[in-house]
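A.B. asks: Annotations per Swiss-Prot:
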type     : residues                                                               : note
BINDING  : HIS264, ALA265, ARG266, GLU267, ARG322, ASP339, ARG340, SER397, TYR398 : substrate binding site
BINDING  : HIS264, GLU267, HIS396                                                 : Zn(2+) binding site
DISULFID : CYS333-CYS356                                                          : disulfide bond
DOMAIN   : 202-522                                                                : domain 'Peptidase M14'
REGION   : 539-607                                                                : region 'Disordered'
SIGNAL   : 1-21                                                                   : signal peptide
Amino acid sequence: MRLFTHGQVLALLAFVNTISAIPSFSTNSYPAHPAEPVSLVSQHQPQAPLGLWTRLRNSVIERVWGVPPQQRHRGGNKHQYPPFSAPASLRTRYGDDVVLRFKLQTADEVKALVEASNILFLDVWSSTDEWIDIRLAKDVVPSLLGLLPKSLQTTHVPLIRDLPQTIYESYPSPFQSSSGHERGFLPSGEPSSDATNIFFENYQPLSVIVPWMRLLASMFPSHAQFISIGSSFEGRDIPALRVGVRPANDQKPRRTLIIEGGSHAREWIGVSTVNYVAYSLITSYGKSKPISTLLEQFDFIFIPTINPDGYVYTWETDRLWRKNRQETSLPFCHGVDLDRTWGFEWNGNVTGDNPCLESYGGDKPFAGVEAHQLAEWVKEQTEQRNAKFVAFVDLHSYSQQILYPYSYSCLSQPPNLENLEELAMGIAKAIRLTNRKTYAVSSACGGLMASQKKKVKSETFLRMESTGGSALDWFYHDFGVKYAYQLKLRDRGSYGFLLPRENIVPTGNEVFNAVMMLGRFLLGKSRAFQELDWDAGFQRPNKDDKPILNDDDDDDNDDDDDDDDDADTNDDGIGRKDDSWVPDEYKGDNDRDESDGGWGFRRLRKR
C-alpha cells in the first residue's frame with residue numbers, strides 16, 4: 001500500500017526544510033497574519049483523530065517554532081495568538097526606511113531625480129516611463145526633496161511605510177492557510193491537493209528548492225532531469241531542471257527554451273514562478289495533450305535562480321540584496337549586477353569605478369561569475385548536445401511588463417520587431433485572461449527608462465541606471481535566440497520586491513499560460529498542432545472566464561479588474577497616502593494631470 005502520493009512526498013520535503021530554514025529573528029517572534037489556526041499535537045481534540053500527515057506537520061511547527069497550545073475562548077471557537085511584529089534585528093538593519101513613488105512628466109524631472117539619488121546613494125527599486133520608486137530613510141526625505149524641483153516635491157506617494165514589518169511578513173509562516181487564494185490549479189482547472197501546494201504556499205529557501213528539484217526529477221525520470229549550469233562565486237551549484245521528451249533516434253537539433261529567474265536576489269517571486277511552471281509541466285505530461293506535445297517538441301531549461309549566493313544572502317542576512325556576492329575592488333562593496341555584466345553593449349564604464357552601485361556591471365564584460373557560467377553552458381549545449389535555443393524568458397519583478405529587445409538603447413530596433421511585438425501582445429492577453437492582470441508591452445529600453453513626452457517630437461530617453469550588458473540583449477543579439485523576453489512580474493508597487501506569498505500561485509498561473517502561449521507560437525501553423533485543444537492545456541482558476549485562445553475577444557473592451565494593487569490609489573493598504581512624516585513645505589494637493597497615465601498596453605516602438 002502506498003502511503004504517500006508524489007505530491008505529498010514533495011510537500012513533506014518542502015515543509016520540513018522550510019520550517020528549519022526560517023530565519024530565527026527572535027525567540028519571541030511569531031509569523032504574521034495567520035489566516036487559519038493550525039491544530040497542534042499538544043491540543044486535545046477528541047472529536048476526530050488526526051491523520052499522519054497532519055500530525056507530522058503540526059509536530060514540526062510546535063517543535064521548531066515553540067508555538068504554545070492554542071487556547072479557545074470559553075463557549076467559542078476563536079483562537080488567541082501572541083502578538084507578532086518585526087523583531088529588533090530587522091528594525092536595527094532597516095531602521096525607519098520607506099519606499100516612495102515619484103510620478104514623472106518631463107525629462108528634466110528624471111534628470112533631477114537621478115542626480116539626487118546618486119548624491120544621496122539611494123536604492124532605486126523600479127522605474128518606468130511614468131514613475132520611479134525609491135527606498136530611503138524617513139530622515140533623508142527632506143534632503144531628497146530639497147534637491148528636487150518644485151514639481152516633484154509634492155507629487156510623491158508612499159508605497160511602503162514600515163519596511164521592516166513588510167520584510168518580516170514576506171518570510172514563510174508555519175501556519176498553513178486554507179484560503180482559496182492560496183490553492184493551486186492544475187492544467188485541468190481543478191484545484192490540486194493541499195499537500196501538493198504546501199511548497200507553493202510560501203517562498204522557499206535554496207536549501208529547500210534544490211532537494212525538491214532533485215526529488216521531482218527522480219519521480220519523473222522519463223521527462224525531467226536535474227542538472228547544474230555551473231558554479232557560483234561561493235562554490236554553489238547553479239541548479240536547473242531539463243524538461244522534455246526527445247525521441248531516441250532523433251538527430252535533428254533540439255529546440256530549447258530557457259526560463260530563468262532570480263538574477264536579482266531580492267526578486268523572490270521570479271524564483272517561485274520558475275519552480276511553479278516547471279512543476280506544472282512535469283506533472284501534466286501524459287495528462288494534457290497540448291503539454292505533452294510541447295515536451296515532445298521542445299526541451300525546457302528551468303533555472304530558478306542564476307544567483308544562488310545572492311539568494312541565500314537574502315534569506316540569511318539582507319532581504320533586499322540585489323547583486324551576486326563576489327568580491328570587487330572595494331572590500332566593503334560586494335557584488336556584481338548579473339543583468340548588467342553580459343557581453344553585448346556592456347557599458348561598465350558608466351559604473352565601473354563604483355562597485356557600491358546596485359547596477360554595477362563589473363570591471364569587464366562577463367565579470368559576473370554566474371553570468372559567464374551560463375553563457376559558457378549554452379555554448380557547450382549548442383556545440384556538443386545539438387541544442388538550438390529558440391526562446392529565452394528572464395523573470396524579474398516588479399511592474400507587470402513584458403519587455404523585448406533592446407535594453408541598451410531605444411535607437412536600435414530588432415530585425416524581427418513585428419514578430420516580437422505580436423507574440424508579446426499574445427502573452428499579455430493570455431496573462432490578462434488568466435487573472436485579469438494587465439501587463440504593459442514595451443521594448444526593454446522603454447520599460448527601463450523615462451521619456452520626455454509632449455515636449456518635443458523626438459523622445460529623449462534618460463537612464464535611471466546602466467541598461468547595457470543585459471542577458472536579454474546578449475541572448476537575442478549575440479547568441480541568436482529569436483524570441484527573447486524579460487517579464488517583470490507582479491505587482492505595480494504596492495509591495496514591490498516584498499510581494500505577499502498569496503501571489504505565488506496566481507503569478508505562477510499567469511506565467512504558465514504565458515509559456516504555453518509561447519510554445520504554441522513556436523510550433524507554427526502546422527495543422528496537426530493548431531488542431532490541438534490548446535485551451536485544455538491552459539490554467540484557468542475561474543472556469544467561467546473566457547477561453548485563453550478566444551480570438552474573438554476584444555482586448556480593448558474586456559473588463560479589467562486589475563486595480564487592486566495600484567499603490568497610488570490605495571487609501572487603506574500599504575500604499576495609503578500617509579504623509580505625516582513629510583515636511584509641511586513639501587506637501588501639496590497632488591493634483592497633476594494624469595490623463596495619459598493609463599495602464600493599458602503601450603506599444604512604444606519608434607517607427
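Positions of Cβ are set from backbone N, Cα and C atoms, glycine also.
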A.B. asks: To the nearest Å, how far is the Cα of CYS333 (disulfide bond) from the Cα of ARG340 (substrate binding site)?
C.D. replies: 16
A.B. asks: Could you tell me the C-alpha distance between TYR398 (substrate binding site) and GLU267 (Zn(2+) binding site) in angstrom, no decimals?
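C.D. replies: Counting only the Cα atoms, the answer is 8 Å.
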A.B. asks: Give me the non-local Cβ neighbours of HIS264 (substrate binding site): same chain, 6+ apart in sequence, Cβ-Cβ under 8 Å, ordered along the sequence.
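C.D. replies: Sequence-distant Cβ neighbours: GLY270, ASN307, GLY310, ARG322, LYS323, ASP337, LEU338, ASP339, HIS396.
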A.B. asks: Taking just the CA atoms, what is the gap between ARG340 (substrate binding site) and GLU267 (Zn(2+) binding site) in Å?
C.D. replies: 16
A.B. asks: Starting from each candidate's C-beta and looking 10 angstroms out, tell me which of the binding-site residues ARG340, HIS396 has the most other C-beta atoms.
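C.D. replies: Ranked by Cβ atoms within 10 Å, first place goes to ARG340.
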A.B. asks: Could you tell me the C-alpha distance between ARG266 (substrate binding site) and CYS356 (disulfide bond) in angstrom, no decimals?
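C.D. replies: So the Cα of CYS356 (disulfide bond) lies 17 Å away from that of ARG266 (substrate binding site).
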A.B. asks: Rounded to the nearest angstrom, how far is the Cα of GLU267 (Zn(2+) binding site) from the Cα of CYS356 (disulfide bond)?
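C.D. replies: Cα-Cα, rounded: 19 Å.
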A.B. asks: Let's check the environment of CYS356 (disulfide bond): how many other CB atoms sit within 10 Å of its CB?
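C.D. replies: For CYS356 (disulfide bond), the count of other Cβ atoms within 10 Å is 13.
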A.B. asks: Using a 10 Å cut-off on CB atoms, tell me which of the recorded positions ARG266, ARG322, CYS333, TYR398 is the least crowded.
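C.D. replies: Among the recorded positions ARG266, ARG322, CYS333, TYR398, the lowest count of other Cβ atoms within 10 Å belongs to CYS333.
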A.B. asks: List the same-chain residues at least 6 positions away in sequence whose Cβ sits under 8 Å from the Cβ of GLU267 (Zn(2+) binding site), in sequence order, or say none.
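C.D. replies: Those within reach of GLU267 (Zn(2+) binding site), by Cβ under 8 Å and sequence separation of 6 or more, are GLY261, LEU395, HIS396, SER397, TYR398, PHE497.
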A.B. asks: Give me the mean pLDDT over the domain 'Peptidase M14' (202-522), rounded to a whole number.
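C.D. replies: Averaged over the domain 'Peptidase M14' (202-522), per-residue pLDDT gives 93.
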